[in-house]
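Novice: Per Swiss-Prot, (6S)-5,6,7,8-tetrahydrofolate binding site is recorded for 113, 114, 115, 116.
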């Protein structure tokens with residue numbers, strides 16, 4: 001392979017851990033790992049180390065967990081590692097300009113979209129909700145802006161009709177490490193050719209909110225079906241009926257019908273609960289009432305058929 005690089009890795013969730021795992025098998029030297037402090041997680045709310053920390057510990061790599069990289073003390077920890085490059089994947093902390101410039105090759109980031117489309121916090125979900133035909137990963141040189149740095153490498157993949165944020169996350173977590181290793185090889189041998197992002201093509205992927213997850217029947221059935229897939233596995237799309245939230249895990253789109261208003265229940269049977277939208281009918285196939293597990297529409301109808309009487313309106 002080309003020159004072995006001394007790498008600092010900064011990341012936190014499983015998505016990042018998959019990239020660290022690829023680096024550990026690559027012949028490069030990971031000299032230190034930065035990750036978020038241990039935090040409560042899971043049903044028991046027990047304090048848990050991040051997937052990246054757990055993997056680093058298995059390989060006896062020094063781990064640093066600062067609350068911020070703005071202090072001189074923490075910046076000195078970065079400098080002391082004397083790295084050639086810092087690889088940042090879903091880390092969760094802002095890197096000050098001083099830190100960005102410390103390694104010989106600076107800091108590079110793996111971003112879950114085809115930049116400059118979907119800069120920001122939720123590129124996977126926003127690409128799904130928007131109905132994009134494809135997405136991918138971009139490895140970029142980091143600067144002080146929000147995902148504004150020069151692009152070093154891109155890999156794309158199609159967005160399939162059944163993709164959810166969970167399945168797309170897995171696809172990009174498989175795609176990213178290959179792009180990262182290619183980029184590192186190009187940095188090492190001097191063949192990297194950074195490309196400036198076209199500002200006229202920029203879009204922003206704002207962080208998701210639970211409020212956005214409420215189904216709005218004034219949208220089209222197609223938009224709502226994409227929303228359901230984009231918000232799976234979090235925060236899960238929902239509607240409110242009888243003052244109770246009901247999460248929607250799966251739905252399909254049926255042709256439009258005349259003479260009905262958005263939110264009106266058209267039919268409710270073993271095929272699903274059919275709700276009129278601004279354009280088309282949303283057929284809800286799998287849903288989850290409060291305090292229950294996800295279930296097929298027919299199973300909920302067995303206990304709550306009165307909720308879904310044809311002609312009723314879901315607000």
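Using N, Cα and C of the backbone, Cβ positions are placed for all residues, glycine too.
Here the structure is a predicted model, which means the values were calculated and not measured.
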Novice: Can you tell me how many other Cβ atoms are located within 10 Å of the Cβ belonging to residue 115 ((6S)-5,6,7,8-tetrahydrofolate binding site)?
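Specialist: Total other Cβ atoms inside 10 Å, all chains included: 27.
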Novice: Around the Cβ of residue 113 ((6S)-5,6,7,8-tetrahydrofolate binding site), how many other Cβ atoms lie within 10 Å? Please give the count over every shown protein chain.
Specialist: 24
Novice: Among all the protein chains here, how many other CB atoms are within 10 A of the CB of residue 114 ((6S)-5,6,7,8-tetrahydrofolate binding site)?
Specialist: 21
Novice: Taking the Cβ of residue 116 ((6S)-5,6,7,8-tetrahydrofolate binding site) as centre, how many other Cβ atoms lie within 10 Å?
Specialist: 20
